[in-house]
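Here is the structure we will look at, set down as C-alpha cells.
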There are 2 protein chains.
Amino acid sequence: MVAQLEYVQRAQTQQVQTENEVLIFTFDQLLLQRGGRLGPVTLAYETWGELNATGDNAILITHALTGSSHAHDPADPENPKAAWWNPLIGPGKYFDTSRYFVICANVIGGCAGSTGPSSKNPLTDRPFGMRFPVITIRDMVRAQHKLIKHLGVRRLAMVAGGSIGGQQALEWAVMYPQLVEKVAVIAASAAVSAQAISFNEVARQSIMADPAWLCGDYLPGHGPATGLSIARMLAMITYQSEESMEMRFSRNPVQREAATAPTFSPELGGRFDVENYLYYQGDQLARRFDANSYLYISRAMDLYDVSEGYASLEEALGRIRSQMIFVGIRSDFLFPASHVRWLADKVQMVGGNARYVELDSPHGHDAFLKEWDQLTEALRQF
Amino acid sequence: MVAQLEYVQRAQTQQVQTENEVLIFTFDQLLLQRGGRLGPVTLAYETWGELNATGDNAILITHALTGSSHAHDPADPENPKAAWWNPLIGPGKYFDTSRYFVICANVIGGCAGSTGPSSKNPLTDRPFGMRFPVITIRDMVRAQHKLIKHLGVRRLAMVAGGSIGGQQALEWAVMYPQLVEKVAVIAASAAVSAQAISFNEVARQSIMADPAWLCGDYLPGHGPATGLSIARMLAMITYQSEESMEMRFSRNPVQREAATAPTFSPELGGRFDVENYLYYQGDQLARRFDANSYLYISRAMDLYDVSEGYASLEEALGRIRSQMIFVGIRSDFLFPASHVRWLADKVQMVGGNARYVELDSPHGHDAFLKEWDQLTEALRQF
C-alpha cells in the first residue's frame, strides 16, 4: 500500500507538469477465474481525450508485464521514455486523442496503483504478499470491463496491446464480443510455449531464492532486489533477439560507466558491454517494480490459454465478433511470429475477421515498444 | 580437493564393474593465457584402446561444460546415460577402440578429478575458490597437449568435441596444426554471441546470489545448490529448442512424481511438466557439480575467441592444416548453425580443408548428445 501511495503521489506530482492524472476506481469485489474472490479492488488508470455523447469512441490500451497506466505523456509526447506507447498516442497519432477517449489501467496484480500483492489485505491490514490469490489474464480483463462501464463507455472502438497486453486484448475479443469493434493483438498468441514458461519460471525462482524475499513478506523498499534484477536480466534477453543483441553489443567490452551487478561479485576476465547493459536493466527494474507483482503477473502470462473454460479452441475463437488484427514480429522468440500467424489463421477458419501483419524487425519481442513507424503502418491496415 | 577425491573414488569403484580407470597425470605448471600460472596441474583422464608403436592412432575427445573424462563405458556401451558419448565410442563404433587409442580428459577448471577451483591451493592448503585464476579454452588445450605428449602420442588422428568441446577442438587445429590429422568441431563457433554470454551471465549471477556461495568459499558438499540449480534450469532451456520443448512438454501439467524446486517455493496455479523437468535437472547437477567450476568454465566459453592473439581471424584460421569438419544443428540457438557454417566457410576461404554438415534435428544444442545416427553419418563424411 505504501508502494501504491508513493506511485500515486509521484503521478500526482507529475500532474503539475503533465496535466495528466492517475485516477482511481474502486469496486467491491471480483470473483476470480482460479477460485476465490478479491475485494475491494482498485484500478489506477489514466485517460486522454474525451468520451463522446454516445459512449462509443473509447479505446482501451492494455499493458505488458512491467508496464503501468502511463502509456502516454501529453507534456512530452514525442519521448518514448516518458510513457511506454507515447509515439502511438496523441492528437493526430494512430490512437488519436482528438477523436478518441483513450484509457489505460494498471492491471490487477500490478504495483502501479492497482490492487496487487503489495496492497493491504483488508483481513489482516498488512500487505497481501503471497496470500494474494492467483490471478489470470481473464481476471485482469474482467476488472477492466468494470472500469469502462464505470466510465460510461458503451462500446469500445478498439482494444490494443502487446505481449500480455496482447493476451488481454485477445481475451476482450472472446469475453465481450459485442462490446468491442476492433482488437489489435500484438506479439501475443493463444497460449505461451513450454520455452516461455521455462524462462518465466527461472526468473521467478531467482526472485524467490533471494533471502530478502522472505516468502513474499518483505517490507516495502526492502524487497529481493538481487533476485528481481537477475529475473529482469533474463527477461531482457528474451525481449530481444540474437540478431539485435549482436548489432547493439556484439562481444564489445564495457563501453560506458559501469553499472552495478546484482551480486556485486568478482568479474572473471573483464566485463562485456552486454553484461553491463543487463546489470543496468536489472537494477532499474528492481528500483521501480514489486517482486511479488512480478511473480503473479508472469504467472498469469504462463497460465493464459484462450481456450480455457471452452470445449475447444475453436469454440473460444468462434465467439469473436470484432475485427481483429494480429501483429507478429519476425525476430520474436518469446511469442514467435509463427504462433501469432497460426492464431490469426485459426480465427479466420472459424469465420472471424482477422488479418495478420508481420513487423520485419530485428528487435525481437521488444519491437512492439520500438518500431513506431512499422506499428502505425500495421495498425492502419484496420 | 575433497570433491576431487570423492570423484576419483567413485571412478575407482566403477572400475571394478567397468574395468576402466580414471588415471591421473600431474605436471609442474601451466602459464595461463590471461596471465599468471597454475601449478601443479593434475588432469584426470580415461583411455580406451591401445596406442600403436608409431604413436599416431590416438583420438582426443573433448568434453562440454559439465562433462567429464567418462565419455565411454565399456561395461555398458549401448547406454548413453552411462557415459556421455558412449554410442559413438567402442569397437566398431565411429571412434573405433579396436583401431584407435581414444583419450578423454577432464578440463582444467573442472571438478571431475582435474585441477579446478575445488582443488587445494598449494599456497594456502585450502581450496582455491575464487582465488583460482581465470582460465581459457586455450589453457585447457595446452594442458591436454602436455597430456598427450606424456602418453607418447606423436600425432593425433583426430580431435573431436561438441559445444565448448568443439571450441577446444578448433583451438587444437589452430594451436597445433602439425599435430592433428582431422578435427571435428560440433555445435561450436569462432566465438559465442552476445546472447550466449548473456545467458551464461544470468546463470553465474544466480550462483553468486546464493548466500551459500560465500564468495566461493563454501565447504565441499555445502555449496550454493539453489543458485546452481537455477543456473542449470536456464542452461537446460538453451540446450534445447522451442520446438523440442513443445514436443516433449507442451503445456502439460506435471506428469510424474514431483521434483524439488530449487527454492521450495509456493506454486502459483499448479506446476507445468516442463517446470518439473527443469527442477529435476537443476537438482541433479547441483548434486554432482561444483558451482565455482561452473563459473570458471562457463566464463572460458564466453571468453573464447579463436582470433585472440592473432592479427586477424584469417591469420588464426590460416594456421590450420588439419582436415576439418564442422557440424551445425538446425535448431541450436546457443551456437546457431549459421555461425558454425560461417566459420567453416571462413576456413575454406583462407585455403583450409573444411566441410560443413548440418544435423536436421529439433533437439537444439543437445543434439550432439542425442542424434547418434546423424552424428555418425556426419562424421563418416571425413
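Residue numbers in this text run from 1 along the chain shown.
Backbone N, Cα and C atoms are what each Cβ position is placed from, and that goes for glycine too.
A TrEMBL annotation is a machine prediction, not a hand-curated record.
Note that the structure is predicted; figures quoted are calculated from it, not measured.
Annotated features in TrEMBL:
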ACT_SITE  A:Ser163  active site, nucleophile
ACT_SITE  A:Asp332  active site
ACT_SITE  A:His365  active site
BINDING   A:Arg232, A:Asp366  substrate binding site
DOMAIN    A:57-369  domain 'AB hydrolase-1'
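For the recorded positions given as A:Asp332, A:Asp366, the lowest number of other CB atoms within 10 Å of the residue's CB is seen at A:Asp366. Per-residue pLDDT, averaged over the domain 'AB hydrolase-1' (A:57-369), rounds to 97.
Taking the Cβ of A:Arg232 (substrate binding site) as centre and 10 Å as the limit, one finds 27 other Cβ atoms among all the protein chains shown. Geometry remark: A:Asp332 (active site) versus A:Asp366 (substrate binding site), CA distance 8 Å. Annotated pair A:Ser163 (active site, nucleophile) and A:Asp366 (substrate binding site), C-alpha to C-alpha distance, rounded: 9 Å. Distance noted between the C-alpha atoms of A:His365 (active site) and A:Arg232 (substrate binding site) is 14 Å.
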